[in-house]
Each structure stands twice: as C-alpha cells, then as structure tokens.
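Shown next, in structure tokens, is the structure this report addresses.
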Amino acid sequence: MPKRSDINHVLVIGSGPIVIGQACEFDYSGTQACRVLKEEGLRVTLINSNPATIMTDPEMADHTYVEPIEPEYIDKIFAKEIEQGHPIDAVLATLGGQTALNAAIQLDRLGILEKYGVELIGADIDAIERGEDRQKFKDIVTTIGGESARSRVCHNMEEVHETVAELGLPVVVRPSFTMGGLGSGLAYNTEDLERIAGGGLAASPEANVLIEESILGWKEFELELMRDTADNVVVICSIENVDALGVHTGDSVTVAPALTLTDREFQKMRDQGIAIIREVGVDTGGCNIQFAINPVDGRIITIEMNPRVSRSSALASKATGFPIAKMAAKLAIGYTLDEITNDITGETPAAFEPTIDYVVVKAPRFAFEKFVGADDTLTTTMKSVGEVMSLGRNYIAALNKALRSLETKQQGFWTKPDEFFAGERATDKAAVLEDLKRPTEGRLYDVELAMRLGASVEELYEASSIDPWFLAELEALVQFRQKLVDAPFLNEDLLREAKFMGLSDLQIAALRPEFAGEDGVRTLRLSLGIRPVFKTVDTCAAEFEAKTPYHYSAYELDPAAESEVAPQTEREKVLILGSGPNRIGQGIEFDYSCVHAALELSRVGYETVMVNCNPETVSTDYDTADRLYFEPLTFEDVMEVYHAEAQSGTVAGVIVQLGGQTPLGLADRLKKAGVPVIGTSPEAIDMAEDRGEFGALLNREQLPAPAFGTATSFEEARTVADEISYPVLVRPSYVLGGRGMEIVYDEASLEDYINRATELSSDHPVLVDRFLDNAIEIDVDALCDGDEVYLAGVMEHIEEAGIHSGDSACALPPMTLGAQDIEKVREATKKLALGIGVQGLMNVQYALKDDILYVIEANPRASRTVPFVSKATGVNLAKAASRIAVGATIKDLQDEGMIPTEYDGGSLPLDAPIAVKEAVLPFNRFRRPDGKTLDTLLSPEMKSTGEVMGLANNFGAAYAKAEAGAFGALPTEGTVFVTVANRDKRTLILPIQRLALMGYKILATEGTAGMLRRNGIECEVVLKASDIREGVEGKSIVDRIREGEVDLILNTPAGSAGARHDGYDIRAAAVTVGVPLITTVQGVTAAVQGIEALREGVVSVRALQELDHAVKA
C-alpha cells in the first residue's frame, strides 16, 4: 500500500544523552528516519536534548528542538507548531530507544496526544505495552504456544519474597520499561534480593519487576524482525551471544549469524519470533526478540522483546547492510516491504531477507578503570560503554580483529605477557578455571590462557558455560600458536595461515622475537606479497552487484584472491579516520566531526573514505562517506586501506584530527610511512603534547601557566611538588578524558598515586602541575588556517577548576567573564594556534585566577565540545576544519558564509541564546563488590558518558533545562537538605536564603544548621548516619532520603574521614532513589537561578532554525 496521505507532519522523538544501554545507535537510527521522512515530502520536527548528535543539526529537520524529552516540553512543542500553522499529525517514537518509548507512553497517559489529535506511528501504545509490560508479554508468549521462564510480576517487596519462596534462589530480577538491563540483576541470597529488587522497583517507571527462575548457563540468541501493514514479516538477522545467559547481551561478545544452532532450532525460533511480532501487533516497524536455549535438551524459552529499533538493530543493520531504521521509518508512514527497494543492490525489494557470507563479531568496550572500587562482574545490568564490530571470513579471524579494534592495553592475544592480565594466576590452571566462573571483561583472554595451561574444552565449558563450539575454535587458535612458536623460521605458508586466522603483525611479532616488533613482520609480509583483499557487504552473498561500496578486509590462503575495491570516480580521495569504540572521554562528539567532514568534503568534490569500527555510529552508515571500510584503527589496518585506495586513484591525504586521540596517535607513524597527513602536522601535534616544547612556546609568547615539572620516580615527583607547593595535579602524559589524573594534597597521597598509576604512563613521565584552587575554568574552541585564527566558542565552566571539563557543566556565552577577560582569551588563543602551527581545530583550557589567565593545556584537534559550540553559535566547526585541512582559508569560508565576519565566539550578538551543557553520569550502573553504590564526587578523572544542552534567553532557564535533560530535574517546591564543608559555608548563605524565601523547607546537619540560623534562615536539624551508628535514637537523613522525604540535596564534600563517610552515605542514597544532588558551590548558585526561572514560568521552547544566527542548510 502506498504512503499514507493523512500524515503531513511528524514529530520524531530522539533518545537524549548517551547513557550506558542507550548510545549513539539511536542517533544513527534517528538520522536515517529524519532523512527518509524529508525525502518523502513530510514536514519533520525533532526533539532531542543531545547536542552531540547529527540528528539535531538544523538541516536534518524542519524544526529542531534541543529540549528535555519530557511531556511538558513536548506539549509546548505541539502548541507552538499549531501556533505557527504547522500542526503535528503523528509521533514516531520507535527510533529513540527506551527514552522515546517511555515519553510516548506518558504523552498518552496524560492525554496530551488526544488533546492535540496526534497519533503514534511505528508502534501504537497497545503494541508498546504488550511488548514492554512483563506480564502482558508473558501471556502473549503462552498464547502463541511458546514458553517463558517461570516467573511472576511483583509490585512490592512482599510480593517479591512470596515469589522467591515459590521459585527458590537464585532468581533473575527484571524491571519493566527500562533499558540496558538497568535495575536488573541476579539474586543468589536474601541480601542480594533486597538490594536488587528494591533498586529494580525504583528504576522501573511502572514500579514493577519480573522475578524469574534462574536459567543461567543457557545459550542466548536474538532475532531482528520487521513487519508491515500487509503482514509481510522478514527476519533480518540472527545474533548469538558467546557468553551464556546471565551476562547482559550488551556486555557479551556476540556473533552474527548465529553459529551453533541446529537448523531445527533456528526454524522453531524463527516461527516463534514471527508469531510474537504478529501477536504483539508491531505492524509498521522493527523489533528485537531474545531467546534462550537449554544446551542439554534444546528447550527454547522467550526472554523478552523490544517493540522498537534497539542497540541490536544497529548491529544487525551494519552486519547485513540492511538499513533497519530507514525501513522502519518508511513502514511507519504506510509503505509495505515489497514497495521499498534495497539501497545496496538497487534492485531487490526490502522483503528479501539478507544473506551474509561472512562472520560478524561484536565486542564490548568497558571503562572499569574510571570507577575505582566498582564490581567488575558482568551481570544482567549492562556496564559496557561502547562496542566494536568486525567482519571476517571465519569466526576466529573476525574475533581477532574485534579484540584489536577495542583499543585496550591488550591489543589481542599474546600482545602483553600473561602476567599483565593474569597476575599471579598466569601459571595456575586451577586458579584461572575458578576465576572463569565469574564473568569479567577479560574472560576470553582467561579462556585462551587456561587452554595453554592444559585445560580441556570440557573443563572450560564447565567453568564458563561458553558453548563448546566457540571453545573448540579458540583451541584451534592455541594449537596454531604453538605451531607458530615452534617453526624454525616463518615461511610464506605459515605467515599466510597466521593472517588467515586474523592475527595482526603485532601478535605474530610477540611470538617471534627475531623480528624485533611488528615492523619486522610487516617488512617480511610485504616482501612476500601477502596483503588482504577487500570484500564487499552486499546483503545478498554476491548474488546481485552492490551499488554501495562498504568493505572489510580478509586474508585468503589463495595468493590469487582479488580485491573488490574498484575506483568510484576520478576525484581525489580523502581518508577520514574515525574514533573507534565509544569510551569515556572519546564518544559520539568525535564521530559528529568525522561525519561532517565526510559530507562537506564530498560536497566540494572529493571522494571521501571513512575508516571506523564502531557499529553504533552515523559515520559507519553506508551512505555517509563515498566509501566505508569497517576496520580496526591500528597502524597496520589503516595502512592496508590506504594502500588499497592508492592502488585505485589519487589520495589527497588522511585526516587524523577529528576522531579524538585514537587517530591522532597514528599520525606520526603514518607520516613516516609516506602517508600524507593533512590538516595539523604530526610535528605540531607532538609539540603541543611535549611539555618541554610547549613550555618553551608559552615562555616565548609570555603566556602564564601553572608551575609544573616532570618526574619518572616518586623521589623526582616529591621534589617537584615541594618546589611548586601542594595541592598538585598529577597525571601521565598523552591522555584523553583525564585518565589517571588526580589532585594530590600531600606527600603520602603523592606516593600512593605514583605506586598505583605509573603503569599508565607508557614510557612517558608523570606530569606534576601546581593546582589552581578556586579558579574559573574556561574552555575554548578555535579554528586556524596557519595565518588567521577564528575564536569559535568561549565556555565558562560552572564547576570550579579541578573537575574534568567533560564532567563540568558550562555556559556559552560565558556568564561572569568581562570584555577584558575575553580579549585576553582571544589574544592567548591566537598566539597558541599560530605558535603550534594548527591547521584546523584547536581546543584550549584556561584557568582565570586573580585576574591572571593561565594556560592549562592546548589540544590541536577536534574536542568533545565541537558539536555543542556548533549548535550554540550556528557555525559548523567540523565542516570548516575539514575544508581548512584541504587548503581553504578562514577568509574563503567567510566569503562562502560558513563563518561569520561580523562577530566570533567571543563576541556573540546580544540576542544570541544562552546555552548550558551538562554532563550525564553513569553512577546508577556501578556498585562495589559489597553491593554499595560508588561515590558520586567529581574529580579530574572524567566519568560522564554523555551530555545534554539547555537553550534559553536567560541563564536560569537554560540551566534548568540542562538539568532536566540530564535526569536531574530541579524541584520547584519541597524539601532541601543542606550539608556543606566549612570552607563553603559563607558562600552558600545567600543561595540558601533565596530557597528559604521561595518556601522550601530546609533540613541541615548540626554544624550547617548553626550557621544558617545565625543568618536568619529557619531550618530543621537532622541526624547523620554516623549519629545513628554511635547510638543516637531517631531517623537519619539517609533514611529520610531513601523514604522520599527530600527533593534536592546540596552536599559539598568535607575533609575529615568521618564527614567524608557521612557524605558518601548521603550521595549513595541520592543515587539510589534518584534525588537531584549538587556537590559544588557554583552548582548550588546555578541551581537556585534555575529554580527561580522555573517558578517564574519563563521556560519556553524555541527551534534551532528560529535562532537568528543559525546557519541554514
């Protein structure tokens, strides 16, 4: 049936900030949807609070609202669009993850959809509830003749205990309507049950959890399906988890297609999947269904479904080349599958199920090093922060490629000594087998080590529950390793076999010391003519010719195998190196810059080539660049892509400055290997990173910087610290996201840091800087063409210096800097950019203290603030930087209208909106091994996974929006609990007085209460948790927070051990029940301004396209 004629205007709901369980795969799906709907002639309005997304670019929709994804803001958007003569007909909520689905349910329940006569498309409320509500879904599985695990939905702890009495322990706890397994877990005893089920009830928007019999150790599978209004159903992809049930699918290594199913099992699962999608009622889009199979008797159980595009959908799309989100958007507006053409072949309809003739492996990326003390056991709550995908001709080759794509310290098997990851267990088979019973991020390395120590497949299956087929594949690799080690010399056949199994030159060199590193292996390999061939992802196993060049590398045993890379055009090519897996410190913001570079350079006549391995991103969509290579971002893999491209045409250069630290780290070696690195040169990159050279530049230009020194031992570090005086900031050189960075207040802490963190310094010394207490931190993005500098954005941090810039809220334009301060910033930035030799983007961090502007650091690359600054000022910095890299000047770009001439980021027009960026932190995902929450205090070590933006005409309203978008909506009435360190008491009198005058009830601990009362502020004294521990009778503040009696917490950390412990208890309780928590003085002041704006009702919505200075597409 053709497109519906009654839908002319669609509101697409995005997924908001990047959080664990919901990452940039929804930017990818939402971007596809917006493009499709606009191509179909519909008017598109978008709401998404995340500025770091491609979908929030003004050209992606007719009206883009960067607003919190909350019913009250969506209500304002409906009203505003009617006011402007563009009433919204339908809402598409199936492409924005769980956030969008939950928003759609709230809009329905609050009567907002009915009020404006708007319908839901993609999946209606009934289908969403039938798929998401645990009991309803369980009933559907029974109706179609399927089987679920024995379970019961519980609404309170009493029902939970009754159910467990029936099922017995252990049990699985699964809350309804959450994503990434938030609030779920495995309860082995009553204590676990109380903690996990209590947290699950709090995490579920419906306040219910499913308590389910344990089916740990079963095999887990997923099917990705689509259905249209004519009842056509296609199964796009099957996915198998290498880890057994009990590890969240987002934390497991997964493979596509499923490799260990019998044909009978697959057909049975497929039949059940089709029956479920029909019974649930998803008839205009896609869904994902998870199954478990008992390895002993083949019994199949249906676990759950997502009646929407999910994280697995993005993986299935990239794995098969079948654009699920694009198809889902077309189905939502009335098309049927047989009416839609497959883009990749250009001739088959979407009703043809994809066929793949390769193996895909997805591997998760973790960040436990950022959360000291966190329990690293993998359970049903997702903890990974990113993922990679690799494609190979066989499982082991794809697995090896995936492991080196992760960019962890261990770059694949054998690249580090066994002691590096196994410690004392490196020679103890029994200890390794024992450890394998507890799933952790390094378990595949443990499996491989245990095999070398003599463990059999049976023993390993018993310990890990990993299917024997996967274990046998690893066993074959271990046997080949021995062959490689034992060979008297490395001949052509052996080297070909090693490469066929996916081993990198680095892995081979680790086993053959005569090569003295990977360069030796590379020289031999090239002399023997052993290079990869590049295969094409075509959705049809080469049955039809692919029209879109989407490639992966493979080494064949046959020397005559041919590559499938053909010249597309006569245009010069530019390779853009992506940012690899999301991790804390390097996420979607860098992908944003890579995507814009690809689109802009393609527009001005270059053939763009994207190299990346992250399946969640827009950059790895097959139609972002002219050609896509799904490859690891290592020197070896990038060089092979460069060689393949150079064989088929002229390569103008490689851009390394947009993808974060990953490609930047390759710049030097690429240049030495003869690859033209365009944009900022590798020498300039090194100069900015080298403390000696950079310090010399600062001296020449007379730019102040905090006193610093470098040290390679504790003794040296102590000498430096004594000279420049405490507190000092210590860190390894060459880091991103503040990894390994700490503020140290005394010698004992310094010694502790050196003992713990020197391992991070990777042959670079530890840096010791004077820490500027109570300074204002300033973040600057700028463009430089070698002669001229454009100041793109000046951001003032709301938190004081000492909190990582990625975790601090910031405002643009700056709120407290005067014209003189900004002029100092402009002059210093110009001197730095020209002195370093920047060609493109540069980010500088400054600290302003006592009217002196100190340079903290300069990074000659795209920063994580580029998308935020671009949205706030209307100047697309990534596009501009890509043009400068290929020779354009700032004057050229001003003449084109890409960069304004009448103002810059330091002198924005008076009517420019105020933009506030706020970080989103994942503390609700991590616990200590004893089950307690991690402390939520911010530090120089970055911990946030994502960000949101608040836009308004005044700071208070912008800050309030940013907090609401970051899941910390400020209360407009109620009870505020205040407990602050002595040093902060004087500063906080005024903001707390304003709260009291607005009618808030103030609770305070004894010391803080005395100070407040002396200043005429009425408050109630509360007991601390330590008072109760010491025998004082009554209810502690921690209990009151847990029982919902507190609406906002203001807690600045104190120095003494007892006070720190009380502070931790308070912050942990706040995280558990989701009460907004502010831990800095500046944050309190900003929050009071935000609350005032909310109470005065001055918070309105405004589309990016309406801003006078927005760059029009």
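From the backbone N, Cα and C atoms, a Cβ is placed for every residue, glycine too.
Listed features, source Swiss-Prot:
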type	residues	note
REGION	1-407	region 'Carboxyphosphate synthetic domain'
BINDING	Arg134, Arg174, Gly180, Gly181, Glu213, Ile215, Glu220, Gly246, Val247, His248, Gln290, Glu304	ATP 1 binding site
DOMAIN	138-333	domain 'ATP-grasp 1'
BINDING	Glu304, Asn306	Mn(2+) 2 binding site
REGION	408-565	region 'Oligomerization domain'
REGION	566-967	region 'Carbamoyl phosphate synthetic domain'
BINDING	Arg731, Arg770, Leu772, Glu777, Gly802, Ile803, His804, Ser805, Gln845, Glu857	ATP 2 binding site
BINDING	Gln845, Glu857	Mn(2+) 3 binding site
BINDING	Glu857, Asn859	Mn(2+) 4 binding site
REGION	968-1113	region 'Allosteric domain'
DOMAIN	968-1113	domain 'MGS-like'
Reduced DSSP state (H/G/I helix, E/B strand, rest coil) at Arg134 (ATP 1 binding site) is helix
Cα nearest Gln845 (ATP 2 binding site) among binding-site residues (Glu213, Val247, Gln290, Glu304) -> Val247
Glu213 (ATP 1 binding site) and Asn859 (Mn(2+) 4 binding site), compared by Cα position, are separated in whole Å by 52
In whole Å, the longest Cα-Cα distance within the recorded ATP 2 binders Arg731, Arg770, Leu772, Glu777, Gly802, Ile803, His804, Ser805, Gln845, Glu857 is 18
Nearest by Cα to Asn859 (Mn(2+) 4 binding site), of the binding-site residues Val247, Glu304, Arg731, Gly802, is Arg731
Rounded Cα distance, in Å, between Val247 (ATP 1 binding site) and Glu304 (Mn(2+) 2 binding site) is 15
Restricted to the region 'Oligomerization domain' (408-565), the mean pLDDT of the model is 90
Min neighbour Cβ count (10 Å) across binding-site residues Val247, Leu772 flags Leu772
CA-CA within 10 A of Asn306 (Mn(2+) 2 binding site), subset of binding-site residues Glu220, Gln290, Arg731, Leu772, Gly802, His804 in residue order, equals Gln290
By Cα geometry, the one of the binding-site residues (Arg134, Glu220, Gln290, Glu304, Glu857) nearest Gly802 (ATP 2 binding site) is Glu857
Rounded Cα distance, in Å, between Glu220 (ATP 1 binding site) and Glu304 (Mn(2+) 2 binding site) is 11
Arg134 (ATP 1 binding site) to Glu304 (Mn(2+) 2 binding site), Cα to Cα, whole Å, comes out at 8
By Cα geometry, the one of the binding-site residues (Gln290, Glu304, Glu857) nearest Arg731 (ATP 2 binding site) is Glu857
Listed in sequence order, the residues of the same chain lying six or more positions from Gln290 (ATP 1 binding site) whose CB sits under 8 Å from its CB are Glu220, Phe221, Glu222, Thr249, Thr302, Ile303, Glu304, Met305
Here the binding-site residues are Glu304, Glu857; the one whose Cβ sees the most other Cβ atoms within 10 Å is Glu304
The correct three-state DSSP answer for Arg731 (ATP 2 binding site) is strand
Of the binding-site residues listed (Asn306, Gln845, Asn859), the greatest number of other CB atoms within 10 A surrounds the CB of Asn306
The answer, for which of the binding-site residues Glu213, Glu220 has its Cβ ringed by the most other Cβ atoms inside 10 Å, is Glu220
Simplified to three states, DSSP reports Gln845 (ATP 2 binding site) as strand
Cβ neighbour count (10 Å, all chains) around Gly802 (ATP 2 binding site) is 20
